[in-house]
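J.: What TrEMBL records for 56, 61, 97, 101 is [2Fe-2S] cluster binding site.
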């Protein structure tokens, strides 16, 4: 897993051509390596957009309107979960509990936690990111 994390950090995803190399080096099957990459949500098989919006899908956020909030954002951006806008600026990903239950519904945008979201706050944060806020 540390090798996969290093690849993810370096390239922003785990390149497909790295899978057979890792499998050979670690004496694993390609299916084993691919299974790990595809199972864990933190690994990507393709590069993400410049900004990553992670919307919480856990029970507390859903009970506070997270589902409606997420579906609305996906619809407005014309995306499905895991999709990236045509300009390559924003990727929307589901996450399952950010530990911000008291501030539901919650999200992370470029690693920045946002809580007590509504449509206006979420749209403003996404637009701010798209307009190139500087990431920490």
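Just so it is clear, glycine is given a Cβ too, placed from its N, Cα and C backbone atoms.
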J.: Whose Cβ, among the binding-site residues 56, 61, 97, 101, has more other Cβ atoms within 10 Å than any of the rest?
T.: 56
J.: So, in DSSP terms, is residue 61 ([2Fe-2S] cluster binding site) helix, strand, or coil?
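T.: Its secondary structure by DSSP: helix.
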J.: So which other residues, same chain and not among 56, 61, 97, 101, have a Cβ within 8 Å of the centroid of the Cβ atoms at the [2Fe-2S] cluster site?
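T.: Near the [2Fe-2S] cluster site, beyond 56, 61, 97, 101, sit 57, 58, 59, 60, 62, 66, 96, 98, 99, 100, 104, 105, 106.
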